[in-house]
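A.B. asks: Here it is: the structure, laid out below.
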Amino acid sequence: MMTAEVTAADAEVLLAQPRGFCAGVDRAIDIVERALELHGAPIYVRHEIVHNRYVVEDLRGKGAVFIDELDQAPAGAIVVFSAHGVSQAVRGEAEARGLRVFDATCPLVTKVHIEVARMRAAGREIVMIGHKGHPEVEGTLGQAQGGMYLVETVEDVAALRVSDPGNLAYVTQTTLSVDDAAAVAGALKARFPGIVEPKKSDICYATQNRQDAVKLLAPECDLVLVVGSTNSSNSNRLREVAERKGVAAYLIDGAHAIDPAWLQGRRSIGITAGASAPEVLVQQVVERVRELGAVSVRTMPGLEESVAFPLPKGLSRKIAQTESLE
């Protein structure tokens, strides 16, 4: 049991709105759970279904087996692709090995994949703005065989060398800092005036909304706690947004990670959560902050999200068939 020393005496807790799960994460988790209900364990999941330790451990306890590469799954097994998406090479490998696939790629990531295919088919080279090594970036870069470049900073743009400067397009990772992505996109357009931009921003609605909510939250607080795992891109961006507003901010996996010293003398403590962090963790953090002396909790005004994505047709069809037999 955690100690209840008082370090945040009489502080107010402010909750960002919106926060936590997005439609793509809800859908991805639902796909794994439904696959387990239909087929039983084990269900193999390539990479973490979403970047949250609590979610991954919960699904592991239900029978999901998380693997790094497809050759770790037996031939013919059921495999779920994570919400971050996969390359064409991974899809080809799954087909060659006879794996039965449920694709949990976020539809907003799939939108970027379609843009890449369309632009490459038109003969354009593509610059992707994103973080090297992130699964989403690897999946998007793997939608084409060559003709793609990755940049992360304005400095990367200055150093970029492309084959055909007059025939370029760009796309972005969906979970970037809105402000950082805008700066890099601006640098691309300044250096390559004819570069084709996405018809609609590739940064997803949930990333945008959660960053906007923190921009409203941070000026009201002297500390912001962001609930999310360290490998979550969008959660890290929320911490950065708060820090850029001049507020101390920490990224935490849950209530157990709170250092009471952080709360010493704080009068207003903001709490938000990345798009892959469940609300149960937020409420545990609120309870812990109350134990440490906070006396009130208030939710900031903000957007009420109503976005929902359907399950893959193959999975929803099997669910319907099963339910019709009951």
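Each residue, glycine too, has its Cβ placed from N, Cα and C.
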A.B. asks: Looking at Swiss-Prot, His51, His84, His134, Ser232, Ser233, Asn234 are annotated for isopentenyl diphosphate. Which of Ser177, Ser268, Ser276 sits in that same site?
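C.D. replies: Isopentenyl diphosphate site check in Swiss-Prot: besides His51, His84, His134, Ser232, Ser233, Asn234, the record includes Ser276 out of Ser177, Ser268, Ser276.
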A.B. asks: Among the recorded positions Cys106, Glu136, Thr174, Cys204, whose Cα is within 10 A of the Cα of Ser276 (isopentenyl diphosphate binding site)?
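C.D. replies: Checking each Cα against Ser276 (isopentenyl diphosphate binding site), there are no hits.
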A.B. asks: Beyond His51, His84, His134, Ser232, Ser233, Asn234, Ser276, what residues of that chain have CB atoms within 8 A of the centre of the isopentenyl diphosphate site's CB atoms?
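C.D. replies: For the isopentenyl diphosphate site, the extra neighbours are Val50, Pro135, Glu136, Thr175, Asn231, Ser235, Gly274, Ala275.
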A.B. asks: State the count of C-beta atoms found within 10 angstroms of the C-beta of Asn234 (isopentenyl diphosphate binding site), not counting that atom itself.
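C.D. replies: Looking across every protein chain shown, the total is 27.
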A.B. asks: Inside 10 Å of the Cβ of Ser232 (isopentenyl diphosphate binding site), count up the other Cβ atoms and send me the figure.
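C.D. replies: 25, counting other Cβ atoms within 10 Å of Ser232 (isopentenyl diphosphate binding site).
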A.B. asks: What is the total of other Cβ atoms whose distance to the Cβ of Ser276 (isopentenyl diphosphate binding site) is within 10 Å?
C.D. replies: 32
